[in-house]
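The next block holds one structure in the form of structure tokens; read it before the comments.
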Amino acid sequence: MGLVVQKYGGSSVADAEGIKRVAKRIVEAKKNGNQVVAVVSAMGDTTDELIDLAEQVSPIPAGRELDMLLTAGERISMALLAMAIKNLGHEAQSFTGSQAGVITDSVHNKARIIDVTPGRIRTSVDEGNIAIVAGFQGVSQDSKDITTLGRGGSDTTAVALAAALDADVCEIYTDVDGVFTADPRVVKKAKKIDWISFEDMLELAANGSKVLLHRCVEYARRYDIPIHVRSSFSGLKGTWVSSEPIEQGDKQVEQAIISGVAHDTSEAKITVVGVPDKPGEAAAIFRTIADAEINIDMIVQNVSAAATGLTDISFTLPKAEGRKAIDALEKNRSGIGFDSLRYDDQIGKISLVGAGMKTNPGVTADFFKALSDAGVNIELISTSEIRISVVTRKDDVNEAVRAVHTAFGLDSDSDEAVVYGGTGR
Ligand code: ADP
Ligand code: ASP
Ligand code: MG
């Protein structure tokens with residue numbers, strides 16, 4: 001008998017009908033002779049609605065209390081799902097993240113899992129139950145407070161439980177048929193990928209392909225847990241994310257030169273204007289940002305103006321951290337020494353990802369050519385060995401993604417990619 005960990009995202013359990021549909025699917029897996037652990041997200045857009053509600057009572061809600069509030073979303077779906085499964089004549093028990101042994105650090109709203117002790121889950125499935133676990137949440141080892149793992153964190157819960165339980169497979173069920181060469185909501189001609197390496201998936205996820213959370217992929221790579229991303233609305237095979245290519249029929253799926261195009265409109269740009277061009281300035285700025293526990297993404301420093309010896313430093317960061325970053329820099333203005341700060345949240349990032357880039361020198365030139373043909377202006381550039389990203393105006397992003405997708409021959413000539421549910425929020 002195998003042990004299967006399945007994760008169902010918010011769009012799969014958006015309403016009572018969705019919960020009943022998912023319950024049937026879980027029972028099928030159990031009937032096939034598996035032990036089943038199902039990780040579940042909050043229903044539909046519940047998490048966003050709870051955040052909106054919190055912001056109505058406090059513009060910057062206290063981290064501890066926000067976590068307490070948000071974890072309620074997953075509790076609702078786990079209990080309803082367990083009820084629906086029992087209604088189908090099977091035994092099920094629901095568990096909070098804390099009960100499931102998901103132990104984290106103490107960083108509220110984006111805690112990291114440091115250990116998983118799934119004793120209660122193991123006992124529950126050994127007794128013949130289907131175990132339902134609330135995703136996205138854990139408990140701090142030090143403070144014993146309830147924590148959340150950051151938006152989309154149920155994916156990480158699933159992979160962490162799969163690793164701790166030594167599961168045979170971790171299935172991530174969502175509202176599209178797998179990982180596509182671009183977001184199917186933006187590119188109708190996106191193609192489903194049969195297999196993608198952890199490395200390429202990590203870059204796609206880190207650069208905005210929210211079909212999988214990047215921390216979940218990091219975790220899966222570290223413990224070598226293959227992930228099968230598929231739709232909870234169709235019976236189709238999805239995408240395998242793993243270290244080695246999968247077999248299909250009698251041949252192996254090949255590593256693509258370009259895996260796909262990711263985009264992200266959740267970042268903002270801060271420009272620190274009038275910084276003295278001397279050693280230690282960048283260190284002072286980014287120490288201030290790091291002390292506020294904010295992760296930054298791209299950085300660019302302008303050439304300093306000869307007359308003044310002053311320069312500008314721009315960097316991008318999640319919009320959600322914008323206020324905090326501005327406040328931290330303002331507080332340290334005299335220590336750092338700068339004239340002013342500019343905040344721009346009308347930016348977007350487009351990234352081309354693929355391991356084949358390493359050995360194909362023309363890729364960067366073709367990427368820029370596609371953007372220029374589409375009339376898209378580039379503001380920032382960053383690269384890694386297997387990725388090239390640019391920042392543009394937010395309004396240009398969708399057009400740019402489609403142009404790049406076509407230019408690299410990624411458009412499918414068959415059916416349009418299906419999005420089964422969800423609001424894309
Ligand atoms: P869930 O609620 O199941 O966690 P998410 O909304 O977090 O679902 O992730 C699924 C969504 O990810 C899809 O609806 C799609 O719009 C988006 N997405 C972005 N990039 C991709 C991609 N490359 N392949 C598939 N889906 C993508
Ligand atoms: N409900 C949480 C969110 O919306 C976690 C998740 O869905 O993975 O971010
Ligand atoms: Mg998700």
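The chain as shown is numbered from 1 upward.
The backbone N, Cα and C atoms fix where each Cβ goes, glycine too.
Now, the feature entries from TrEMBL:
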- Lys7, Tyr8, Gly9, Gly10, Thr174, Asp175, Arg185, Lys210, Val211: ATP binding site (BINDING)
- Thr47, Glu74: substrate binding site (BINDING)
- 270-346: domain 'ACT' (DOMAIN)
- 352-425: domain 'ACT' (DOMAIN)
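The Cα of Thr47 (substrate binding site) lies closest to that of Gly9, out of the binding-site residues Lys7, Gly9, Thr174, Arg185, Val211. Here the domain 'ACT' (270-346) is broken down by DSSP into helix, strand and coil counts: 28 helix, 25 strand, 24 coil. Highlighted here are the binding-site residues (Lys7, Gly9, Thr47, Glu74, Arg185, Val211) whose C-beta falls below 6 Å from ligand 3: Gly9, in sequence order. Across the domain 'ACT' (352-425), DSSP assigns 30 helix, 15 strand, 29 coil. Cα spacing between Thr174 (ATP binding site) and Glu74 (substrate binding site): 16 Å, rounded to the nearest whole number. Fewest Cβ neighbours within 10 Å among the binding-site residues Thr47, Thr174: this applies to Thr47. In the three-state DSSP reading, Gly9 (ATP binding site) counts as coil.
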